[in-house]
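Asks: Pasting a structure here, questions to come.
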Amino acid sequence: MGSNFVSVLKYLMFAFNFLFWVTGCSIIAIGIYFVVNNIYGDLLTNNPSLTVGNSFIAIGIIIMVFGFLGCMGAIKENKCLLLTFFILLLLILLVEVTMAIFLFVYEKQLDKYVRERLTNSFEQNLKHNSSETWHMIQRNLQCCGINGSEDWMKKELHSSCCPSKTNSNCSLSDSFPVGCSEALKKWFENNFLYFGVGTICISVIEVLGMSFALTLYCHISRSSGKISTLL
């Protein structure tokens, strides 16, 4: 009975982590696509390496490593790999909890920091290099500038600042009244429930992975102990 349970748990954990590994591969592919096509690649000018694409690639690699450790630890019944997998998942879970507390406590400071970074990006890219990234943001969020169309100052407003149905040149009277900083904040607030549900789902998956790994580790340890006793 115990042997059958261990076998079922082993292959269940293997399947669970194989999906984990495939998910990591998919995220890496999305990240590479973002990097190759330079999608949102110049949003943070002060941190050129910290792009959406690079972030996806880094997250994908971490998930792939976790999936590999879980798969190999389960199929080989390797206690060292299982324990490593458990410890890494525990550390990630602790980091997530710490980040959640940090975001809650320093929400106002973070909002100010994000606004400063966006303003710097807007000034360097949109005004000087005509960044397609910011044009995409203005079109998708229906906003103009950081705090409003006045951020463009004496420069001619780009068509992304106005609704697509506007046939004439984009003017102050036709432009979106909301700044992109406020639009981004509102977008996060409107999608906060989805972020919360997603975070909870990820945490549940991590706890399940930790439970599978620890249970399998304990059963392998007991089996090894019984074999040692018999010998």
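Counting starts with 1 at the first residue shown.
Glycine residues also receive a Cβ, built from the backbone N, Cα and C atoms like all the rest.
TrEMBL annotations: computationally assigned, not manually curated.
Checked TrEMBL, it gives:
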DISULFID  CYS143-CYS180  disulfide bond
DISULFID  CYS144-CYS162  disulfide bond
TRANSMEM  12-36  transmembrane segment
TRANSMEM  56-75  transmembrane segment
TRANSMEM  82-106  transmembrane segment
TRANSMEM  192-217  transmembrane segment
Asks: Using a Cβ distance cut-off of under 8 Å, indicate which of 12-36, 56-75, 192-217 has the most pairs with the transmembrane segment (82-106).
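Replies: Of the candidates 12-36, 56-75, 192-217, 192-217 scores highest.
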Asks: What is the interatomic distance between the Cα atoms of CYS162 (disulfide bond) and CYS143 (disulfide bond), given in whole Å?
Replies: 8
Asks: Determine, to the nearest whole angstrom, how far the Cα atom of CYS144 (disulfide bond) is from the Cα atom of CYS180 (disulfide bond).
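Replies: Their Cα atoms are separated by 6 Å.
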Asks: Which bits of the chain, at least 6 residues beyond where the transmembrane segment (12-36) starts or stops, bring a Cβ under 8 A of a Cβ in it?
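Replies: For the transmembrane segment (12-36), the nonlocal Cβ contacts are 51-71, 73-75, 208-209, 212-213, 216.
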Asks: Select the most exposed residue of CYS143, CYS144, CYS162, CYS180, where exposure means the fewest other Cβ atoms within 10 Å, treating these as the disulfide-bonded residues.
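Replies: Counting other Cβ atoms within 10 Å of each of the disulfide-bonded residues CYS143, CYS144, CYS162, CYS180 gives the minimum at CYS162.
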